[in-house]
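Report on the structure given below.
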């Protein structure tokens with residue numbers, strides 16, 4: 001056996017798929033970067049929106065959140081931010097939780113937490129946008 | 001048999017590795033740790049956003065209660081910390097995106113960027129709060 005590829009134990013199919021031992025390739029890394037990029041303008045909008053609304057009462061806040069543009073950007077902010085934070089928490093869990101069972105459980109709970117926060121927030125926004 | 005030179009000179013003073021007690025973490029290391037901590041804090045901070053949105057969508061009473069809680073000194077302290085965590089994590093994230101391109105990885109450059117993002121996060125946080133108080137006419 002000679003040649004520079006002789007030590008490669010991967011099957012041709014595995015090489016073509018290029019997903020490596022994680023079975024998902026660079027998907028986690030890439031989505032973390034994509035959401036990070038999206039989060040920059042979305043976060044700046046969110047912060048600016050809160051500055052403008054600071055001290056506003058119930059009716060004013062409801063009217064501001066019901067604005068279609070605000071509602072849409074807020075929903076994008078929530079989806080991108082929550083997706084990003086779930087990916088980040090997965091890395092933290094994988095780094096510090098040794099036991100495989102506990103790791104699986106905490107990552108699952110983290111996913112449930114993310115979805116619960118997202119669904120509750122987006123439902124609130126839609127309720128306000130569609131006439132409260 | 002005579003002792004080997006290594007055994008005979010075993011008591012000789014030797015240089016020691018830098019130890020944890022005298023080790024000063026470089027700023028990039030500190031910022032890396034803070035990036036993870038702020039990320040974790042922002043994770044749970046989303047509960048505040050969800051509570052605010054749900055209260056606004058629910059009733060005057062719920063909204064007034066959340067507004068009151070956010071307005072207490074403890075509430076303001078948490079929101080101030082939240083603001084800083086958000087700004088720090090955002091600027092730290094920009095730093096990571098720059099690094100992803102392969103730029104800014106030289107040791108001294110990386111340290112300079114780290115100090116800049118730290119100062120920037122404090123500055124942005126203060127600006128946001130000043131602007132917030134100005135928006136409600138308190139300044």
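Residue numbers in this text run from 1 along the chain shown.
Every residue, even glycine, has its Cβ placed from backbone N, Cα and C.
In the shown protein chains, 26 other C-beta atoms lie within 10 A of the C-beta of residue B:89 (heme binding site). According to TrEMBL, the feature heme binding site maps to B:89.
Annotated transmembrane segment per TrEMBL: B:33-53 (among others), in sequence order.
What TrEMBL lists as transmembrane segment is B:65-87 (among others).
Here the transmembrane segment (B:113-135) has Cβ contacts under 8 Å with residues 27-28, 30-31, 80, 83-84, 87-88, 90-92, 94-95, 98, 104 of the same chain, all six or more residues outside its ends. What TrEMBL lists as transmembrane segment is B:113-135 (among others).
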Residues from the same chain, set at least six apart from the ends of the transmembrane segment (B:65-87), whose C-beta lies under 8 A from its own: 38, 41-42, 45, 48, 51-52, 55, 120-122, 124-125, 128-129
